[in-house]
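Participant: Pasting a structure here, questions to come.
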Amino acid sequence: MAPQTEIPVAANVLGTIGTVFWCVQLIPQIWTNYRTKSTTGLPGTMMFLWALCGVPFGVYAIAQNFNIPIQVQPQAFMTLCLVGWAQILIYGSKWPTWKATVLALIVACVFAGVEAALIFTLRPLYEAGNETPVRVIGIIAAILLAAGLLPPYAEMYKRHGRVVGINWIFLSMDWSGAFFSLMAVVTQNTFDVLGGVLYIICAFLELGIFASHLIWLVRTRSIRKQLKKDGKTFDDLLGEYEKRGESWKWAERDLDLGGLKFWARKDKKGEEEEGEGEIEQRDLEKQDVGNSAADAVGRQRDGALDSKMAMAEAHNQNGNAEDTDASTPTMVDGENKAVGRT
């Protein structure tokens, strides 16, 4: 498909609305992460793949000569995604702030350099009539965008459909950005299939996230109603079952995504530290048991020694008594003899 030569006013207006949404949609999520100092439920893989998606997405939009707002859109989207990814490194994986910031800046520079190189390389080919390279770039962008929305589905499966850690204002604005951008592509003189697919995939998968949490709310309404009367939350009840070590229908499923979290160095270290702590605890327990046994043996030895001392003392007292008894007749006999002589 040849690049757009004339952009209708409607396409520019709709594209601008979509760009505004996609330029600020992650701000509520970023603020929530900062305020709670937590990114639980927000997959780092999602943020990274979305940031990576901005590279082919931007190349495709510029090569196709889309309206200016849509050309700016991937750059803003990429920047906000990298900010969110850095927060996940800081709050989720416990990276130092400076290290996560430096890494995010390096990744941003690499992404920008790759995008610029692809634009200068592929745009002349596309304008010359060779559409294949740009079409491949568009397909890669669509795949990355869809792949970025799959990790939240894994988190929802883990929690039986419940959505945790994702700001609903962010999700609503993101869906709106995809919708208005799709309408901008539709109102252009020529509908671009791959450009439309990008926005359709995003809107469809985000609707699935809304639907999943809504279904969870319906399924747990009676439990949450009773918890509200008791002054508790759903997380409080989950914590109680976990503390007691009991299984529950709504307990979180075990889902190991460690292979995808290639940056979660600190989590692994934390697990090792936790294992070391358990070993130390067991050693302390063994030491306490040993000390208790030693104390018991010591007390038993002391008791035996006390018994021996008591027996010796009793034996000495008996010996003294016998000696007294033996000396008494001698004195009497001596007295009797003295009386006789008298």
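From the backbone N, Cα and C atoms, a Cβ is placed for every residue, glycine too.
Okay, so TrEMBL annotates it like this:
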- 12-32: transmembrane segment (TRANSMEM)
- 44-63: transmembrane segment (TRANSMEM)
- 100-122: transmembrane segment (TRANSMEM)
- 134-154: transmembrane segment (TRANSMEM)
- 166-185: transmembrane segment (TRANSMEM)
- 197-218: transmembrane segment (TRANSMEM)
- 268-342: region 'Disordered' (REGION)
- 279-288: compositional bias 'Basic and acidic residues' (COMPBIAS)
- 315-330: compositional bias 'Polar residues' (COMPBIAS)
Participant: Taking residues 6+ outside the transmembrane segment (12-32), which of them lie with a CB under 8 Å of any CB in it?
Facilitator: 42, 66-70, 72-73, 76-77, 80-81, 83-84, 87, 166-167, 169-170, 173-174, 176-184, 187
Participant: Out of 100-122, 134-154, 166-185, which stretch has the largest tally of CB pairs under 8 angstroms to the transmembrane segment (44-63)?
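Facilitator: Top-ranked stretch among 100-122, 134-154, 166-185: 134-154.
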